[in-house]
């Protein structure tokens, strides 16, 4: 897959002019679709019969075996499609197919939390070609999705506002095309690492943008430039809410050695895909995990990932942060303005969710050189020990750090403190924490106190003050 990405960016496509198709209208290779610095290659989308877009319906009633539906009332009525439910389309990207495991896995995760029509859009006939051609074919894919949405509205009185399109890579821009063709009436579009080549910094008509739906949210996971870093995703903000997990460039767990990635737990094919495009694929894996972890992907408003990593963007500005992924639409300020940027950290493997806490420690006892660690205990769970500070430990000094826990502890009940000496000290000094303050991402503060001190490697439990 990696080789196809690289080669197809540099191979010429055949110039066309304009082509028209029944039902879908006309397509042009004039500017801005081609002949620009961002899209230098001329080319037209293929005939719909060649792309062969198929709609594969999964529902709570048929979670394991899809039903193929078309823009035909009798076909839809004989299926398990329900007009009183939301409909979520999933559109794959370059080289992929609608029957790939991750699309069905996303549907099955949805069925755990809601009753929904989940439609996997298969366009392998147009995705398994040169990238330059596939980037044109997504216009037809988007047009086909829009045609079905318009059909559902006109024939079954099904509102576009109940539609959510989830697109990965090129599928994000196909979703944008569907949104443009339905005049922004679609309820929501989620872009999962929208493809960069031929789309970044193009006019809005060409790519995904906030006007394509009532709400557009985007997850960026592979934003390095395609040349020379082989980053496949956009760094440009293109939604109402744009999330940059781990900075949006390099994802934890994507730097394993070649053998460990190819011999993946999910099989050789999935491992090979991860080796070729691990960062790019993380976007849909984060989304899938977010479905069953509604509070585990809080994004923090910040100027940059550097500021976020420097602990300058905590807690949530209004007491509530948007959740990256499935529940992004629950954020009250989701459409107050375009291009709102949010940052967060994730784990290096599933479950990717993390909960961020600020821990401030006021030291007591003797002056030594060492490092201190704190663990949290709450009514929902406990964390491991996290290092808060390393250096000169002076009584009365306050040190703070922010941690990303793989456990949501809930309401805190106690904390435990431990310290380690960096050098051998025969005087057996004692150090403690007179106060430890823990702040959750929602701004709630928990204070814990102790008058005790302990020797190195001895746990000290602090209770609420």
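Quick reminder: no glycine exception, Cβ is built from N, Cα and C everywhere.
According to Swiss-Prot, the protein has these features:
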type	residues	note
ACT_SITE	169	active site, nucleophile
ACT_SITE	193	active site, charge relay system
ACT_SITE	280	active site, charge relay system
DISULFID	20-26	disulfide bond
DISULFID	107-118	disulfide bond
DISULFID	254-278	disulfide bond
DISULFID	302-313	disulfide bond
DISULFID	316-321	disulfide bond
DISULFID	449-465	disulfide bond
CARBOHYD	351	N-linked glycosylation site
CARBOHYD	398	N-linked glycosylation site
CARBOHYD	425	N-linked glycosylation site
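Annotated features taken from Swiss-Prot, shown on the structure.
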residue	record	contacts (Cβ under 8 Å, 6+ apart)
20	disulfide bond	26, 27
280	active site, charge relay system	169, 193, 221, 222, 231, 232, 233
302	disulfide bond	308, 312, 313, 341, 342, 343
316	disulfide bond	298, 300, 301, 441, 442, 443
351	N-linked glycosylation site	289, 293, 296, 406
425	N-linked glycosylation site	368, 456
465	disulfide bond	435, 447, 448, 449
(request) Report the nearest neighbour of residue 107 (disulfide bond) in space among the recorded positions 254, 278, 398, comparing Cα positions. (result) 278
(message) Quick check for the class: what is the C-alpha distance, in angstrom and rounded, between residue 398 (N-linked glycosylation site) and residue 321 (disulfide bond)?
(response) 27
(request) Run through the Cβ atoms and count how many others sit within 10 Å of the one on residue 118 (disulfide bond). (result) 29
(request) Identify, among the disulfide-bonded residues 26, 321, 449, the residue whose Cβ has the fewest other Cβ atoms within 10 Å in this structure. (result) 26
(message) What whole-number Å value do you get for the CA-CA distance of residue 321 (disulfide bond) and residue 278 (disulfide bond)?
(response) 27
(message) Between the Cα atoms of residue 278 (disulfide bond) and residue 118 (disulfide bond), what distance do you get, rounded to the nearest Å?
(response) 25
(request) Count, for each of the recorded positions 169, 398, the other C-beta atoms lying within 10 angstroms of its own C-beta, and report the residue with the smallest count. (result) 398
(request) Do me a favour and check the Cα-Cα span between residue 118 (disulfide bond) and residue 254 (disulfide bond); whole Å is fine. (result) 29
(request) Check the disulfide-bonded residues 107, 254, 278 for other C-beta atoms within 10 angstroms of each C-beta and report the one with the most. (result) 107
(request) Using all protein chains in view, find how many other C-beta atoms are within 10 Å of the C-beta of residue 193 (active site, charge relay system). (result) 29
(request) Provide the number of Cβ atoms within 10 Å of the Cβ of residue 313 (disulfide bond), excluding the reference atom itself. (result) 23
